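A.B. asks: I am attaching a structure below and will ask some questions about it afterwards.
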Amino acid sequence: MGRYAVIGYPISHTLSPLIHNANFEAKGTADHYSAIAVHPDQLTHIREIIRSNGLDGFNVTIPHKEKIMAHLDHVDRDAMKIGAVNTVAVDGDVLTGYNTDVTGYLDAFNQTFGKQHRRILIIGAGGAAKAVHRAHANNGDSVTIAARRMERFQFFKTADFKAVLISDIPGLDPHDVIINTTPVGMKHEDLLKEMEIPESLITENTLGVDLIYQPEKTKFLEYFAENNYMNGMPMLIHQAMDAYTLWTGEQGDIAAVNRKYKAHIGGKS
Ligand code: NAP
């Protein structure tokens, strides 16, 4: 039986156990996934935590995604480039870090919209924006990132994108895809109104992505034509299933996880 977990602090609201255990159930394995609260002061004891919980692999969430890297033996190239790890494979004493937010986002995006060269506008420049930027850079897309503060860009490890301020957005040329990587919309705020972004930036052909998954359809996504938008749920599920593949070499049952997730959030948005 495999034992897996997510470590973070606080950790009580994580959906990762629901997603992974739904997958284990669908795959018919006795594997188990739990949430372990690891206070920032305890991160230096990560190897003891792995041993005492018998972990075969684990996910890493806020606030440990960057600091965990100092405790690993190897870090994969994309994770190194964005400076954050969300998945660790445990092989005896050897710990290897990956970032499946990058691959999970890319799988979700390409499966929803198809892969082709596009002009991408990312709104926000935090942790999730780093993963989304790396994914689109790997796709060969042209990426512009709009932040509210220029200092935010010093955290990006590479500069294969155009950096602008959110206040510059009204003067930009049209983009094929606009992605919200900020939390604006979680409380039903209207992103365009909050950030004074003109509606004219969105045409009937523009694709919209919001990394928020609750509410299911943010006010931002309401500006896009039917079938032209994606919320954060496919990314959430794909990053989890990519972690499962790294740990076990097997493909996850995305359809079964989707069903379980939808039953869980039904009526909550
Ligand atoms: P983060 O590191 O705190 O970054 C948030 C970014 O949003 C920062 O650049 C911040 O700007 C900007 N921002 C926040 N409020 C703003 C406002 N009112 N106006 C302009 N910019 C604003 O957070 P994160 O980890 O990237 O997460 C961001 C969102 O993505 C959250 O809603 C999270 O739930 C979601 N997410 C979803 C998934 C998924 O699997 N679907 C995965 C990861 C994250 P400043 O730097 O100026 O503060």
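Cβ coordinates are placed from backbone N, Cα and C, and glycine is handled just like the others.
Positions annotated as domain 'Shikimate dehydrogenase substrate binding N-terminal' by TrEMBL: 6-88. Summarising the annotation, TrEMBL assigns shikimate binding site to Thr14, Leu15, Ser16, Thr61, Asn86, Asp101, Tyr213, Gln239. Residues or ranges marked as active site, proton acceptor by TrEMBL: Lys65. The feature NADP(+) binding site is assigned by TrEMBL to Gly124, Ala125, Gly126, Gly127, Ala128, Leu211, Gly232. For 232-258, the entry in TrEMBL reads domain 'SDH C-terminal'.
I'd like to know what surrounds each of these features in this structure.
C.D. replies: Taking the domain 'Shikimate dehydrogenase substrate binding N-terminal' (6-88) as a whole, pLDDT averages 96 in the prediction.
Secondary structure at Leu15 (shikimate binding site), as computed by DSSP, is coil. Residue density at Leu15 (shikimate binding site): 18 other Cβ atoms are found within 10 A of its Cβ, drawing on all protein chains shown.
DSSP assigns Lys65 (active site, proton acceptor) to coil in the three-state reduction, placing it in neither a helix nor a strand.
Here Ala128 (NADP(+) binding site) comes close to Asp101, Thr181, Leu211: these same-chain residues lie at least six apart in sequence, with C-beta atoms under 8 angstroms from its C-beta.
Secondary structure of the domain 'SDH C-terminal' (232-258) per DSSP (helix as H, G, I; strand as E, B; remaining residues coil): 21 helix, 0 strand, 6 coil.
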A.B. asks: How do the residues of the domain 'Shikimate dehydrogenase substrate binding N-terminal' (6-88) split into helix, strand and coil according to DSSP?
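C.D. replies: Counting residues per DSSP class in the domain 'Shikimate dehydrogenase substrate binding N-terminal' (6-88), I get 37 helix, 17 strand, 29 coil.
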A.B. asks: Restricting to the same chain and to residues at least six past its boundaries, which positions have a Cβ under 8 Å from a Cβ of the domain 'SDH C-terminal' (232-258)?
C.D. replies: 2, 4, 15-16, 19-20, 22-23, 25-27, 56-57, 59, 86-87, 89, 98, 100-101, 103-105, 107-109, 111-112, 210-213, 216
A.B. asks: What's the longest C-alpha separation between any two of Thr14, Leu15, Ser16, Thr61, Asn86, Asp101, Tyr213, Gln239, the listed shikimate-binding residues, in angstrom?
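C.D. replies: This binding site's residues have a maximal Cα-Cα distance of 18 Å.
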A.B. asks: For Leu211 (NADP(+) binding site), what is the tally of other C-beta atoms lying within 10 angstroms of its C-beta?
C.D. replies: 24
A.B. asks: Over all shown protein chains, what is the count of other CB atoms within 10 A of the CB belonging to Gln239 (shikimate binding site)?
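C.D. replies: Step by step: centre on the Cβ of Gln239 (shikimate binding site), count other Cβ atoms within 10 Å, giving 24.
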